[in-house]
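Chemist: One structure follows; several queries about it will come next.
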């Protein structure tokens, strides 16, 4: 039997067990910043490794890249970020609190159990709706707001010692543009033929008006993006391919199918350059939220950078000699969001019997921070247990834990998602076998020490 999960419980567990801490906590923190602790950094790194393995390492089409965070500012003129990367901002006239107009409207619908997206609404449409429905300020319940205005989301800074418009640069708001400007370099040096993709993992920055919901929406975040280039006319077929591939990646990592949905964008929501966009959304305790945006960006980006740079970003077919600007399919995934989703999805509270219950993170073993924990039955077996730890930790992330009773150690490792607990007992001295406990079933079996590496390799396969 399991009980309902809440963000409060998950946030509390994440802090108490060392997954996620508030940023700069000893100085009172900094709003909406989070630090990944010892277990959190392992979990997030495992998520990134799993993405890289399937999207880059095991793909015959794709190669990797690590582009700079700081780019020539003309990049952002070409991409449209300087002119059009903004959110609709409004202030409460009474308490001066600041809000995104579209989110106020979406929250209004959510209270009535409706799921409505207002992307594509004009400022006038949003203002009219807020007036008509008498939507109030969430902070003070006042009904008077300023006019809606657009607020650019890019963080601005300066390069060098002078601070004027000539030295103005930006922290990148997405990793994608670093891929587009390197299209020619990568295609030539990797000797890639269409279709092929370029993927990268990296930090991006957006000066969000209303960040929130823990690590779901932050101003500093990490993306895992693939730009997949194909021949015009083949784009919708590849769009379907990558949409299904992304969903399968989540399910293969043990995310529950009931926890996700694919939502196609309406015509009103679609960007002007997009042929199609589908979001893979996850059901968080606070509602459905986007994990993955999969977009058919057509040839918009390469054409824009060709126009602004003067460099022809085209492809010439080596067989037919046909020249064209490739279309691009972009699966863009937030590393922080999907890490949070795996944490939420894995969290369970189980009532084992009338007197006993437990919290358990049923993470896929490939994602679990520790693949196993070595537990000596008593501290008298510490020396031999540490030898086993050293042997296994050469290949796996292993914890060594000798504090408290075996039962308490089991529960501790259930809470942090360790799939296997390996107990070194006095029988081990005689038969060279250990007791391996399965996190999910709590069943135990004896396994020879010489077979442990193969056992773990088989269990954590992805």
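Each Cβ is built from the backbone N, Cα and C atoms, and glycine gets one as well.
Model, not experiment: these values are computed from the prediction.
Found this in Swiss-Prot, in case it helps:
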type    : residues                                                   : note
BINDING : 100, 174, 221, 222, 223, 224, 225, 330, 331, 332, 333, 334 : substrate binding site
BINDING : 206-208, 216-221, 290-291, 334-337                         : ATP binding site
Chemist: I'm trying to understand the geometry here, so how far is the Cα atom of residue 206 (ATP binding site) from the Cα atom of residue 221 (substrate binding site), in Å to the nearest whole number?
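Modeler: Cα-Cα distance, residue 206 (ATP binding site) to residue 221 (substrate binding site): 8 Å.
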Chemist: Can you tell me how spread out the substrate site is, meaning the largest CA to CA distance among 100, 174, 221, 222, 223, 224, 225, 330, 331, 332, 333, 334, in Å?
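Modeler: The span, Cα to Cα at its widest, is 26 Å.
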Chemist: Secondary structure at residue 337 (ATP binding site) (DSSP, helix/strand/coil)?
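Modeler: For residue 337 (ATP binding site) - judged by DSSP and reduced to three states - the answer is helix.
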Chemist: Just to verify a number: CA distance, residue 333 (substrate binding site) to residue 291 (ATP binding site), in angstrom, no decimals.
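Modeler: For residue 333 (substrate binding site) versus residue 291 (ATP binding site), the Cα atoms are 6 Å apart.
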Chemist: Taking only the binding-site residues 208, 217, 291, 335, 337, which one has a CA atom nearest to the CA atom of residue 223 (substrate binding site)?
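Modeler: Smallest Cα separation from residue 223 (substrate binding site) among 208, 217, 291, 335, 337: 335.
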Chemist: Nearest of the binding-site residues to residue 208 (ATP binding site) by CA-CA distance, picking from 100, 221, 225?
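Modeler: Going through 100, 221, 225 one by one, the Cα closest to that of residue 208 (ATP binding site) is 100.
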Chemist: Out of 225, 331, 333, 335, which of these binding-site residues shows the lowest number of other CB atoms within 10 Å of its CB?
Modeler: 335
Chemist: I'd like to confirm something. Which of the binding-site residues, 100, 225, 331, has a Cα closest to the Cα of residue 219 (ATP binding site)?
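Modeler: Sorting the binding-site residues by distance from residue 219 (ATP binding site), the top entry is 100.
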Chemist: Within 10 Å of the Cβ of residue 337 (ATP binding site), how many other Cβ atoms can be counted across all chains shown?
Modeler: 24
Chemist: Return the residues near residue 100 (substrate binding site) by Cβ distance under 8 Å, restricted to its own chain and a separation of at least 6 in sequence.
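Modeler: Result: 87, 88, 89, 90, 209, 210.
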Chemist: List, in sequence order, the same-chain residues at least six positions removed whose CB sits under 8 Å from that of residue 291 (ATP binding site)?
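Modeler: The list for residue 291 (ATP binding site) reads 250, 260, 279, 280, 281, 282, 333, 334, 337, 338, 341, given in order along the sequence.
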Chemist: Could you round the CA separation between residue 331 (substrate binding site) and residue 217 (ATP binding site) to a whole angstrom and send it over?
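Modeler: About 18 Å separate the Cα atoms of these two residues.
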